[in-house]
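Undergrad: Have a look at this one before I ask anything.
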Amino acid sequence: GPKISQAELLTQKITTGSLGAGQGNVVRVLGVAQKKTYVPAGVGKWWPPLSLLHLSPCRLVQKAELVRLSQTLSLVPRLHWLLVEDAEGPTPLVSGLLAASGLLFTHLAVLTPKAQRLREGEPGWVRPRGVEQRNRALDWLRSGGGAVGGEKDPPPPGTQGVVYFADDDNTYSRELFEEMRWTRGVSVWPVGLVGGLRFEGPRVQDGRVVGFHTAWEPNRPFPVDMAGFAIALSLLLAKPNARFDATAPRGHLESSLLSHLVDPKDLEPRAANCTRVLVWHTRTEKPKMKQEEQLQRQGHGSDPAVEV
């Protein structure tokens, strides 16, 4: 039969999932910036790039969550990680982790206004979280400016890409990123372990979204979780006033953005017509520090110079 080039053979193996354990690094290199230069000709260059927008609040588990997320992202080809710290400026912990990740990234920082911060003892659902950080990332995609690390310039006009809002404590399948890569407007899929249900997500009939499987306020304009949709970059750029609303009622933060972008009937179902769960709304347990506090009172606390 006709001869098949190494690039064509690798493309077939990527498509069929038949790469052996020893070849996995060839796929991963497509998502690495400046670290390795070998990319087989014709492989991966035609895949639309993904921009992953991610806010990072300062808390004790911050580094652990960022390490876990960055190692998942290292498996995703053609990905640009936009990380927005909830801080007045970049912190050494996050700057160092991004620099060591090998990923193409942009580092931004904006502090949540005091009026929007949770007060002591308030449950997490009382106030919308991450509004300032997500909007800062949208501003950067549209006009650039303010990057404190990594890639300083936004994608040039005409760039075809997809934007996704990630959380550092969610669990992601690699398949999810390939499902969203072909988004033309706004694509959607189920999210596991959320809303008090095994999963929430769109109901699909004949390839179209006809409703949503959800228990809490099902009449919301878009009863979806932040992890359950992606948006074409071209659509976001064409709608410069589309932003998250910090005054949105509980559970309506997603709707405050999506209502400016798409009609529910035009949502694009992914993940086998929304029958497969590829992202889970897992949560990192808050560490109990009673013993640490006791040792600190005795003057024997853990060495603060050790980064955790």
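For all residues, glycine too, the Cβ spot is worked out from N, Cα and C.
TrEMBL annotations: computationally assigned, not manually curated.
Annotation comment: TrEMBL describes Glu254 as active site, proton donor/acceptor. Annotation source TrEMBL lists Mn(2+) binding site at Asp169. The compositional bias 'Basic and acidic residues' annotation in TrEMBL covers 285-295. Annotation comment: TrEMBL describes Asn273 as N-linked glycosylation site. Marked as site 'Interaction with galactose moiety of substrate glycoprotein' by TrEMBL: Glu200, Gln291.
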Undergrad: Which chain-mates of Asn273 (N-linked glycosylation site) that are at least 6 residues away have a CB under 8 A from its CB, listed by sequence?
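TA: Residues satisfying the criterion: Val204, Gly207.
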Undergrad: What is the interatomic distance between the Cα atoms of Glu200 (site 'Interaction with galactose moiety of substrate glycoprotein') and Asp169 (Mn(2+) binding site), given in whole Å?
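TA: Their Cα atoms are separated by 18 Å.
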Undergrad: Quick test of the contact rule: Cβ under 8 Å, at least six residues beyond the ends. What residues does that give for the compositional bias 'Basic and acidic residues' (285-295)?
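TA: For the compositional bias 'Basic and acidic residues' (285-295), the list is 60-61, 301-302.
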Undergrad: What does the DSSP secondary structure composition of the compositional bias 'Basic and acidic residues' (285-295) look like, as residue counts for helix, strand and coil?
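TA: Counting residues per DSSP class in the compositional bias 'Basic and acidic residues' (285-295), I get 6 helix, 0 strand, 5 coil.
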Undergrad: Looking only at Cβ atoms, how many others are within 10 Å of the one on Gln291 (site 'Interaction with galactose moiety of substrate glycoprotein')?
TA: 10
